[in-house]
Amino acid sequence: MADPEVVVSSCSSHEEENRCNFNQQTSPSEELLLEDQMRRKLKFFFMNPCEKFWARGRKPWKLAIQILKIAMVTIQLVLFGLSNQMVVAFKEENTIAFKHLFLKGYMDRMDDTYAVYTQSDVYDQLIFAVNQYLQLYNVSVGNHAYENKGTKQSAMAICQHFYKRGNIYPGNDTFDIDPEIETECFFVEPDEPFHIGTPAENKLNLTLDFHRLLTVELQFKLKAINLQTVRHQELPDCYDFTLTITFDNKAHSGRIKISLDNDISIRECKDWHVSGSIQKNTHYMMIFDAFVILTCLVSLILCIRSVIRGLQLQQEFVNFFLLHYKKEVSVSDQMEFVNGWYIMIIISDILTIIGSILKMEIQAKSLTSYDVCSILLGTSTMLVWLGVIRYLGFFAKYNLLILTLQAALPNVIRFCCCAAMIYLGYCFCGWIVLGPYHDKFRSLNMVSECLFSLINGDDMFATFAKMQQKSYLVWLFSRIYLYSFISLFIYMILSLFIALITDTYETIKQYQQDGFPETELRTFISECKDLPNSGKYRLEDDPPVSLFCCCKK
């Protein structure tokens, strides 16, 4: 007799044969045989890799690929991280160097307090920054240079933004102002002579009307080459620094804040030559990345094949149940055929392949998108490590975490949705009421971060202590606000959240001792008592031949 497995497969695949099979009268023995075959097929599908090896001698290729992949992807990420670390360090050190170079009297950690308060100090700062720019080659200890535009070097743009008209008389409490903003700019060429005198003698041909002035911006470009990568057997990158020094007088409070912003872009060096073995090492790294791509491609194909087989078996089982039991399979039972771990591995493989391609482009200096590559490789590595948990879950002593998370997730999501409503209410209230009086409540983002820190018990005293006492009513409100938030979230909501997880954990432990509730699918499978090493599962591997040939006759 031919393998009955194919009967079910054939009937589930072709609607015409399904109708034929449904109408055909089969003997009770044949029906029992079909049920037995379906149970055995389902039981084999839900076996772990070791049991499948005992049942049919099938090698656990996906497990071997995942173990190999986790080692290779982790090594790749570490190597890329070390390279990216040099890029980040070079950016940060250059930004600090530029602040010391172009901001007069700048000291570290002065970004929030660096400001001037007199007109002469404003002109001093402007003249100092321009002079440092013109004397760059004489004052800078780095390999910085002006940007070349053809035969000329890029100029520094000095722009002031101010109200079109403004007559302000604070003594009389009167003003006349046109809020339209105008801009005036002029340029300073690096090769032009520049005479430095006193602020009264030389004001850069720039006259500032501080009553109307909003901002003054000095913008210029510099270039540099990151040579430290050579010591790590990597080709250097070329950097473009777009520097903007801003004198902010928008508040007109008598305090002009000064800041330096550094917009950095990495470019491929146009003409380079490095002696030694750097080129060879670069080729080795690209070969390694190519092998990672090949490994992930194999993993991707195997997992996609497994997902497709699961969906095919799902449809086959649904048709079988409808044909023999006149019942529809529940959605929860159907979802058991969709392996979420495989889907996660597929996503990680796709991210790794794309990230590895970008990494190879970066190493070849034809691409400089470090941030995108970091996100792709970092996310993929995280998912690869999480995917290994699936194989640990096949052991009863290791799958408690997985089962608890799966069981608790729906209730946790519902609970978090309710808690989020309360949390957002406190965020909006704290921002609008406490924002003018507390540094940690100046923006919605800062409010959310501050409240989340309070939930974790961090920085509580500082949050209370930094509240200004200029308004007694607001100060009293802040105490009620903070005490109620801490009491509500730490003692009630957080405790209920932990209790929700704990209750699920205890339930899972009890299930492990007394047995899990049987679904309709699991009950159907449990009637198959054949052990993996019984040899009966090997019969399912025969080529497919339909038993119901008479349907087509």
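Quick reminder: no glycine exception, Cβ is built from N, Cα and C everywhere.
Annotation source Swiss-Prot lists topological domain 'Cytoplasmic' at 1-62 (among others), citing experimental evidence.
Mean pLDDT across the region 'Interaction with phosphoinositides' (52-62) comes to 73 in this model. The region 'Interaction with phosphoinositides' feature in Swiss-Prot is assigned to 52-62; the stated evidence is similarity to another entry.
The transmembrane segment annotation in Swiss-Prot covers 63-83 (among others). Proximity of distant same-chain residues to the transmembrane segment (63-83), defined by a Cβ-Cβ separation under 8 Å and at least 6 residues beyond the stretch ends, is recorded for 49, 229, 232, 234, 285, 288-289, 291-292, 295-296, 298-299, 302, 345, 352, 356, 359, 373-374, 377-378, 380-381, 384-385, 387-388, 391.
The annotation topological domain 'Extracellular' is assigned in Swiss-Prot to 84-283 (among others).
Look at Swiss-Prot and you will find 284-304 (among others) tagged as transmembrane segment.
Annotation source Swiss-Prot lists topological domain 'Cytoplasmic' at 305-341 (among others).
According to Swiss-Prot, the feature transmembrane segment maps to 342-362 (among others).
Per Swiss-Prot, topological domain 'Extracellular' is recorded for 363-371 (among others), and the stated evidence type is experimental evidence. For the topological domain 'Extracellular' (363-371), same-chain residues at least 6 beyond its ends with a Cβ under 8 Å from one of its own Cβ atoms are 84, 87, 234-235, 237, 265-269, 282, 285-286, 289.
Long-range contacts of the transmembrane segment (372-392) within the same chain, counting only residues at least 6 positions beyond its ends with a Cβ under 8 Å from a Cβ of the stretch, are 49, 63, 66-67, 69-70, 73-74, 76-77, 80, 84, 341, 344-345, 347-349, 351-352, 354-356, 358-359, 362, 398-399, 401-402. Summarising the annotation, Swiss-Prot assigns transmembrane segment to 372-392 (among others).
When Cβ-Cβ distances below 8 Å are used as the criterion, the topological domain 'Cytoplasmic' (393-414) is approached by residues 48-50, 497, 500-501, 504-505, 507-509, 511-512 of the same chain, each at least six residues removed from its ends. According to Swiss-Prot, the topological domain 'Cytoplasmic' annotation covers 393-414 (among others).
If you look up Swiss-Prot, you'll see 415-435 (among others) marked as transmembrane segment. Within the chain carrying the transmembrane segment (415-435), a Cβ under 8 angstroms from the stretch's Cβ atoms is held by residues 441-444, 447-448, 450-451, 467, 474, 477-478, 481, 485, 488-489, 493, 496-497, 500, all 6 or more beyond its ends.
Outside the topological domain 'Extracellular' (436-443) by six or more residues, the chain places 430, 450, 463, 466-468, 470-471, 474-475, 478 with a CB less than 8 A from a CB of the stretch. Positions annotated as topological domain 'Extracellular' by Swiss-Prot: 436-443 (among others).
Residues annotated as intramembrane segment in Swiss-Prot: 444-464. Listed as Cβ neighbours of the intramembrane segment (444-464) (distance under 8 Å, sequence separation of 6 or more from its ends, same chain) are residues 423, 426-428, 430-431, 435, 438, 479, 482, 485-486, 489-490, 494.
According to Swiss-Prot, the motif 'Selectivity filter' annotation covers 456-459.
Each residue of the topological domain 'Extracellular' (465-475) gets a DSSP state, and the totals for helix, strand and coil are 5 helix, 0 strand, 6 coil. According to Swiss-Prot, the feature topological domain 'Extracellular' maps to 465-475 (among others), an assignment based on experimental evidence.
Away from its own ends, the transmembrane segment (476-497) comes close to residues 412, 415, 419, 422-423, 426, 429-430, 433-434, 437-438, 451, 454-455, 457, 460, 463-464, 467 of its chain (Cβ-Cβ under 8 Å, at least six residues beyond either end). According to Swiss-Prot, the feature transmembrane segment maps to 476-497 (among others), an assignment based on experimental evidence.
Residues of the same chain lying 6 or more positions beyond the ends of the transmembrane segment (342-362) and with a Cβ under 8 Å from any Cβ of it are 66, 69, 73, 76, 80, 286, 289-290, 292-293, 296-297, 299-300, 303-304, 306-307, 310, 368-370, 372-373, 376-377, 379-381, 383-384, 386-387. Counting residues of the topological domain 'Cytoplasmic' (305-341) by DSSP class, helix then strand then coil, yields 28 helix, 0 strand, 9 coil.
According to DSSP, the motif 'Selectivity filter' (456-459) comprises 0 helix, 0 strand, 4 coil. Note on the topological domain 'Extracellular' (465-475): residues 433-434, 437-440 of its chain, located 6 or more positions outside it, place their CB under 8 angstroms from a CB of the stretch.
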